[in-house]
Amino acid sequence: MSEAGEATTGGTTLPQAAADAPAAAPPDPAPKSPAASGAPQAPAPAALLAGSPGGDAAPGPAPASSAPAGSEDAEKKVLATKVLGTVKWFNVRNGYGFINRNDTKEDVFVHQTAIKKNNPRKYLRSVGDGETVEFDVVEGEKGAEAANVTGPDGVPVEGSRYAADRRRYRRGYYGRRRGPPRNYAGEEEEEGSGSSEGFEPPAADGQFSGARNQLRRPQYRPPYRQRRFPPYHVGQTFDRRSRVFPHPNRMQAGEIGEMKDGVPEGAQLQVHRNPTYRPRFRRGPARPRPAPAIGEAEDKENQQAANGPNQPSARRGFRRPYNYRRRPRPLNAVSQDGKETKAGEAPTENPAPATEQSSAE
């Protein structure tokens, strides 16, 4: 009986196992659907699927639970908020330093990325040595770190004195520095029509609807050139020709010359407005020489006759050579009575001794 019972039990168990097999067969298409989509996955055993009906959902929530875990790791744990402290030191080049808390006197690491409100005039984020700041304390990898660093009551930090400053006029630097106040409409009405440089403002504003700078530049450029160098450009733009003004020194020199040399009165000087102009040197009129005396005129005639008719006068255009030695004067010296003897004539006193010598012989 036991064998029969076993056989029966075995017979009964076989149909039950066969019945269990078709019952386990329907869950097979569910795991095969990913394989049909193209992912090469092996079918899971039926015993696992049948024995743990909740096992289908177990692998699904696993990645969902891992995402919050990663976000929690990214967010650091906040230890304290709105803590006041004094900057112990901060290196601008390396971008980190330490802040000493005022409550616990503990040094907290601070990085330049933790500065929330930087000085707008500074290029790099930084905090100055000895500056009082407000920050949050979070737990970092190696200890306490500062986050959301600002000035007291949330104002921007002062920054380190070693951090580079921004340029004050980056856009339109040259135009804003020497430009007038921004009253473009008034300037266009006042100076647009009477511009001395011939500039005409645009007629229709619709043509430049989107270009704001193109409307600004033509309107206030002409006043710049007039206001930049007012004393120089006013004299140059209206009248660039040289004017003639009477010079006081020349007037005095003219009066003196009229008294002495006969220069006409009212001598004028040509004055230029250009301050760098230097007038050229001009030789004045030749001075009239006084007429020579009668005796001097006769002497000149005698000298010309002695030198010869072809030779030019010795006084005008004569220049002694470099290696010239003075020769003794010819025997045409002036006599005591004031008359000259020519070089060809022999003196009257010399022949007398000659006749005496011949008679003695």
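Each residue, glycine too, has its Cβ placed from N, Cα and C.
Annotated features in Swiss-Prot:
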type	residues	note
COMPBIAS	1-23	compositional bias 'Low complexity'
REGION	1-73	region 'Disordered'
MOD_RES	Ser2	phosphoserine
MOD_RES	Ser2	N-acetylserine
MOD_RES	Ser33	phosphoserine
COMPBIAS	33-71	compositional bias 'Low complexity'
MOD_RES	Ser52	phosphoserine
DOMAIN	85-149	domain 'CSD'
MOD_RES	Ser126	phosphoserine
REGION	173-361	region 'Disordered'
MOD_RES	Ser193	phosphoserine
MOD_RES	Ser196	phosphoserine
COMPBIAS	214-230	compositional bias 'Basic residues'
MOD_RES	Arg243	omega-N-methylarginine
COMPBIAS	303-313	compositional bias 'Polar residues'
MOD_RES	Arg315	omega-N-methylarginine
COMPBIAS	316-329	compositional bias 'Basic residues'
MOD_RES	Ser335	phosphoserine
MOD_RES	Ser358	phosphoserine
MOD_RES	Ser359	phosphoserine
**Request:** Determine the Cβ neighbour count for Ser126 (phosphoserine): the number of other Cβ atoms within 10 Å of its Cβ.
**Result:** 26
**Asked** Counting each residue once, how many in the domain 'CSD' (85-149) are helix, strand and coil under DSSP?
**Response** 3 helix, 34 strand, 28 coil
**Asked** In this predicted model, what is the average pLDDT of the domain 'CSD' (85-149)?
**Response** 92
